[in-house]
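So the structure is just underneath, and the comments pick up after that.
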């Protein structure tokens, strides 16, 4: 046996954020041939290279300093051998040679001790026992793994070289302080399991994690991890995909413990993963009750190894054990059935036993319900908990309120180690309103389908199968958008619909975004038991990007089985755009095709619906909800229509180009689209799948029908229900049959309401006017009353007529106008006076250019419903749809004719309701209001409070009660209370139905004094809930833009804009120059939660940015002055100028502008808002004389260098010569001020500010070249620009290497900056000396060709530029370029033969000493 050698002469140096460490003995004695490298740079060491082992001292209770050189380990049948471990001290870490375990030694203070040895492993034996006794003990212990290692049942443990790991009697000790991630791997693995540990932190820093389903490959990590971060008391759950970490939850708070001990537990059952900390649920894939934010993933890793992870901590893991689960032991629930003795339970949907969510609807009289829970494991204990935290062991007679009632159902078993294993389900028992409420709502359309309760948007999965139309759609049980489900409705005639149970819930792959359903009639997918196939759904799973998952149904959509593999993911798409959604699939030419977008359009193909390949991509054609289908036109030609979300369309051909199926737009559509619907409220159009389209030679094109969602994402969709006071928010447009006509050589789409709507006409009450003469004074419809009707009209105007059309839903000063303007040939819908106006965008007139018929006539076919208007014209080639919310009493109509006269044919049909379960009632069943329930008034202001009783046909008799009548002066007229604020204070006013006193609405009103100091006239809230209290203007909002504008212009071309603001959160906008009171594209100054001030065009591009040198988020008022001249803007904060920008040109309104304020997603207070004439404003004395060394513009390039950080900025010729230096602040990984987008990343962040000789900030006028230094030994993943702390923009960059006169090299990233702010380097998670990353990353060319990767020699920078820190670029001289390899096969340099003879050891020793000396060079400059 060779003599053991213990290394004690360790060195360790900092290089950037990495440690270089090694042992000089290695170089002298030749026990290893590898040179010391940074721990994070080892590219060839895998989990198997480094092993963990238990080593026992002779007497663990003694405090001897004697080191035990060699000990023995036990290995019995069924028990993994325990190999050597590194000691639990941060400064004693060895680097293993190939195929050898890490070895070292430790004092006798621990019961398990590590030795450094190259000998074969010995058995674990008490040092005071005889050899035979050792064998007896070993044999006796063999069957009981826990007796050999009571702290863990992980087998064949190993770890990486970052930090130390040691198994002792009291646990697995690990120290990785300052080392970043330190992994412990094992050969134990599992698919379904419970895996837990008790971790105790020795210090209040670092994070401890369970690693599971791991591939045990530190160079290409694919695994899951859950952790507790002791410093921030946060829990995380994430996954690595090819070394890229993907967060699966938002960080969650963890309640601190007194002893710093936490129990981490993972329960995994196939795709469902749950994570508990101290038995509190932190994560559950698909559980939107726990977390609403989308955090999806690609195909779930089905199984893998167990491990541990220590991040920068010193900790002990105890009871680290896993127990496998199978079909008999997992605490699954097979079904939860809701029943009620008091009311009806609606049809139950499919219960997914391996998903956490389920919804069950019950009738209004079901005020109590019972849960019948079918346990899959009879040994499980089940408890039910309501939202208040009350726990029920007997889930019967559970009280439920009207609306959503979420119950938490926990199923628990005990594993072999005595630990609880729990799966947590949520069941939402949704109790309906009274039956009389439904379909009597004031704004419930009567012949447009809408969701009964909750939210609905995009139609999905439209399919006609076995005589039934299926309409799936996006759904959430709330009145605003949320975690997406697929709801389901069926019909046999496209007008009468039946709600079915919810079809799909969010799952581990993400939330259920839009998709489609096809009929796999020949079982091409192989998913079905028989050749006749069935329905296949292709669904977008959203979260961390987007992907497609499949589900299939063999019972006509009643139940579904999800396919266990993601069939297409954005990460594999050539466009590399995360917007990868809304698939629409069709069958053509004997294969499946899929169009999808969400961003850029793509077309894929497949033979089996499971394996998809890219056919063609369209990076410049962006849309949502694409659809593509063939139509045989009226001339017999087959053409293809590309629908862009139901908003616009193109017509062309679908054919192979270079072997790839491609949509080729006709010439008329190459550079433009046609409008599909000019109204705001028609979106996400989809056609019903009927059958195979056939082939090119034998097409079988069915009649195609589409439907749209009647709303828009552009502005107000989430406002509808709350504003008009209803419990549903989701209506769909009319079903339309599609066609194509050839019009003057261009194919035009026709959209015609399906014939079935004719059956809803009440022909007995219809009005028919044939060839009547109408003019501006006509009274043809003076006696008409209706809220749901159809108008079919044909106008033949005379030569003087300028407009024809209709006033719809007329009354109480309200009307919605549908007008054809003969002079401009424009068809429009004007709802600016239609009643309740949801937003400024809602009030805008929507229109489209439409030519008259060939004979000069105009056709207007209009469908009016309680809350919508749809118009069709020009042989149904033109369509427009808008929502409206008029006063329920506005039921009149009239004909519009202006300028002259017209002959007209007009028919008006009252429309019957489609709601077969609507209850007729003569008494009020609901009270609505379109007035906000919380109001802020100023003394002297007036407000109308109005309520409506439903149905609209009942008497609107209400009484009003006022809590403090002294504060207001009131008058009542019917269901309207007019009030005027007379005194400061707060009061409540309640409206009560006289006929049904159970119906009421209460308004809370705060009355303030307006002492806001300003010289601006007409200051008013354009959007938002701004209010003044005394001298302060307040506003707050969530995820919206609020505007507060002066209705009159200041009247000056040059002015000073002064205001005091107290920042609280969000983004504050100062509209310095706007073209009108809608500040779109206004010249704006923006402040946020950072040191950066931004000058930009509102809703447009950034103009310039500057660093203020401080943040203004200190809850104090800060004075902002913006000086606007004819062509410049100067910004000062608290008297300090922070930005000066000159414009080459400005918009015409820049010097005749409106001003105002804005807020995005935040809260703010303002005081003292004044705009004064700059020409009369006293100006401080200044010395305008230019310095001789500062010409107006640079005659040549100038380089500015910051010696402290090494940042270099190269200014272009022609740049302002007043810029003489750059001011740079720098933060790096784990800094307390780390921006949110850089959390958990390895980065360097530089805030760069150009400065003039007076230390004033100067904005650059031309793009500048920037060089940022790279930490030695690290690989740059990306270069980012941070416009604010919650957003990053990736920049293209190249790598250069500079060499100074002393021969020292430094690598930099080089990129172009349009303006200066915060720029950062983000390093790869696994940094290595040699590149092992992808050759190409987003916006980055990593191939480093000769012309990009340059080595440059410079003279001694610090001496040459110490005075003014500037230099001409010409002083930097280039030498021969060097090339950095980016080959994925790059490895560490060859360290020689392991059998190197002793004649080489002297050379190795010299190299070792040399490395010790130069290690310090790689330290950061600031260190």
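Backbone N, Cα and C define each Cβ position, glycine as well.
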Region 'Disordered' per Swiss-Prot, picked from 1368-1394, 1395-1421, is residues 1368-1394
Spacing of the two Cα atoms, residue 514 (substrate binding site) and residue 458 (active site), in whole angstrom, works out to 7
Record-listed substrate binders 455, 456, 457, 458, 474, 513, 514, 581, 582, 783 have a maximum CA to CA distance, in Å, of 50
Cβ proximity for residue 582 (substrate binding site), under 8 A, sequence spacing 6+, ordered by residue number, returns 458, 513, 514, 515, 540, 596, 597, 598, 624, 625, 626, 684
Note: in the chain of residue 457 (substrate binding site), residues six or more apart in sequence with C-beta under 8 angstroms of its C-beta are 473, 474, 481, 683, 684, 709, 711, 717, 730
The predicted model's mean pLDDT over the motif 'LPXTG sorting signal' (1388-1392) is 30
Within 10 Å, the Cβ with the most other Cβ atoms among the binding-site residues 455, 474, 514 is that of 514
Its residues classified by DSSP, the domain 'BIG2' (924-1002) shows 3 helix, 47 strand, 29 coil
Excluding its own, the Cβ atoms lying within 10 Å of the Cβ of residue 458 (active site) add up to 28
